[in-house]
Amino acid sequence: MFHNFHILSLSSYAFNLFFASAGMLSSLVMFFKFGLYELFIFTLFSVLFISFAWGKDIAMEGLSGYHNFFVMDGFKFGVILFVFSEFMFFFCIFWTFFDTALVPVHELGETWSPFGMHLVNPFGVPLLNTIILLSSGVTVTWAHHSLLSNKSCTNSMILTCLLAAYFTGIQLMEYMEASFSIADGVFGSIFYLSTGFHGIHVLCGGLFLAFNFLRLLKNHFNYNHHLGLEFAILYWHFVDVVWLFLFVFVYWWSY
């Protein structure tokens, strides 16, 4: 029977990625509790390898002509739902933050932030990270505009990926130099939960951009057909917006 949709063949990628992701989350418990990082590194590389292999197969499906306009409409709807789910995830985190910050309980000294904690100066490393992320938003928009104009966007994509890696490195340095941990009360928990999950999203978004940059080098995209790159750009702008809220409220307002 003829239809306009691509029926997927049997694949073990989803199954393998589920167990690799579950193993990575479990290894984080071992890391925070016992300081064992070897299992986390192994599971992290497993997740990255499976994701890369899965993405490669999806890219080959597109190059083989399976991704017609009906299939691409399904991709767009799926990405919209995915971004909305991410929005709701961070909405829940900010709900927890404001519920605690606006009405601090007696155990916190009825003040926010908790009395006696030496917080991160928002006009130091966090401001630098803000400049880095906003700059990466400019460079990725520059890359998109260049591609739409049928011009080379190699330099702007390289700069965007470097800025993403730079942000991740700076945030790791901030964590190592912070005077409080995730176990230091509700502020420490919310701080590392919000900024940590955002950092994971920056890492995933940077890898997503790097994967599409490799596809760009292999001439998989042109000025009117670059849906995968547009998805990566949309995700990156979402990450930028979330960071602005984190900087204003978690860093600056709480300081």
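We count from 1, first residue shown onward.
Cβ coordinates come from backbone N, Cα and C, glycine included.
TrEMBL: automatically predicted annotations, no manual curation.
As annotated by TrEMBL, domain 'Heme-copper oxidase subunit III family profile' applies to 1-255. The transmembrane segment annotation in TrEMBL covers 7-28, 34-54, 75-98, 123-143, 155-173, 185-211, 232-253.
For the transmembrane segment (123-143), the list of distant contacts is 153, 156-157, 159-160, 163-164, 166-167, 170-171, 173-174, 202, 209, 233, 236-237, 239-240, 243-244, 247, 251-252: same-chain residues at least six beyond its ends, Cβ to Cβ under 8 Å. On the 0 to 100 pLDDT scale, the model's mean across the domain 'Heme-copper oxidase subunit III family profile' (1-255) is 88. Long-range contacts of the transmembrane segment (7-28) within the same chain, counting only residues at least 6 positions beyond its ends with a Cβ under 8 Å from a Cβ of the stretch, are 36, 39-40, 42-44, 46-47, 50-51, 53-54, 57. For the transmembrane segment (232-253), same-chain residues at least 6 beyond its ends with a Cβ under 8 Å from one of its own Cβ atoms are 79, 83, 86-87, 90, 94, 97-98, 101, 120, 122, 126-127, 129-130, 133-134, 136-137, 140-141, 143-144, 160, 190-191, 194-195, 198, 201-202, 205, 208-209, 211-212.
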